[in-house]
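As recorded in TrEMBL:
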type	residues	note
DOMAIN	2-95	domain 'Pyrroline-5-carboxylate reductase catalytic N-terminal'
BINDING	6, 7, 8, 9, 10, 11, 66, 67, 68, 69	NADP(+) binding site
BINDING	53	NADPH binding site
DOMAIN	157-260	domain 'Pyrroline-5-carboxylate reductase dimerisation'
Ligand SMILES: NC(=O)C1=CN([C@@H]2O[C@H](COP(=O)(O)OP(=O)(O)OC[C@H]3O[C@@H](n4cnc5c(N)ncnc54)[C@H](OP(=O)(O)O)[C@@H]3O)[C@@H](O)[C@H]2O)C=CC1
Ligand SMILES: O=C(O)[C@@H]1CCC=N1
């Protein structure tokens, strides 16, 4: 599979690492106007670095656009003359609707949007995907690509903004929870390295319990809350201080912001 990543910045590099980690491409083109910071990828025999988006498109089948939304329209204008019926276009640009892409390159193209997160670099992304009408025929292909780098969910485009908040911004939200837990552990006596190790693996275990058993968080909470014990004491204090409420309010604030900045 010949894949091009147009715009290899934070997310593009994470996707590139994920693809290389999963042996998911025969040839991987990485584009950027200034390719100098992509030098670490030169060691891979199947990776080609270029600032020529048109060359990357012509020599690839799957084109993943990972540029800022404000750059996407111009890039689509530049490459549209090089598109053929083999090409599958997958945009990660937050808030850039499929109909805007169709208006530039034509609605007959296979056009999909994917919303991964930076955990794609370690094969653990939660990636939501939607497609235009022709692109539905390439949904299985897109899911197969992203399934190799984590978990995927096909959604309707109207939910892409919400998916961006929960999954892409969500990495930052979870990092802050892990950091806070680490700070608590340091206060209780662990050194910083130990504290982070405890926080990260407990977080991983909590997610693993839900993923493997498909149980509800409250069912798992019930198993560790001894009546009059320390867990319920801590949980109730967290809720008195607004833990759930602040998380929900933060998610809604993030969603309101993304709806203000979307390119519709
Ligand atoms: N960061 C995240 O976790 C997520 C981001 N997204 C979305 O992905 C997109 C990229 O985000 P992010 O990686 O953070 O952004 P970055 O700014 O880090 O990366 C974008 C890259 O595009 C390159 N670029 C700009 N213009 C061109 C061009 N004409 N041709 C080729 N490359 C170009 C830039 O490099 P140069 O200037 O050298 O060309 C830059 O490195 C955004 O649309 C964002 O909404 C989606 C999900 C998660
Ligand atoms: O913060 C942002 O606006 C972008 C979109 C999702 C992740 N980063």
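Glycine too: its Cβ is placed from the backbone N, Cα and C atoms.
Not measured: the values here are computed from a predicted model.
Structure with TrEMBL features highlighted.
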residue : record               : contacts (Cβ under 8 Å, 6+ apart)
6       : NADP(+) binding site : 12, 31, 53, 56, 57, 63, 64, 65, 66, 67, 75, 79
8       : NADP(+) binding site : 16, 30, 31, 32, 38, 66
10      : NADP(+) binding site : 118
68      : NADP(+) binding site : 7, 9, 93
Where the record names 6, 7, 8, 9, 10, 11, 66, 67, 68, 69 as binding NADP(+), the maximum Cα to Cα distance in Å: 14
C-beta crowding around residue 53 (NADPH binding site), within 10 angstroms: 23
PLDDT averaged over the residues of the domain 'Pyrroline-5-carboxylate reductase dimerisation' (157-260): 97
Where residue 6 (NADP(+) binding site) falls in three-state DSSP terms: strand
Residues in the domain 'Pyrroline-5-carboxylate reductase dimerisation' (157-260) grouped by DSSP into helix, strand and remaining coil: 90 helix, 0 strand, 14 coil
Other C-beta atoms that fall within 10 angstroms of the C-beta of residue 66 (NADP(+) binding site): 26
Secondary-structure category, per DSSP, in which residue 66 (NADP(+) binding site) falls: coil
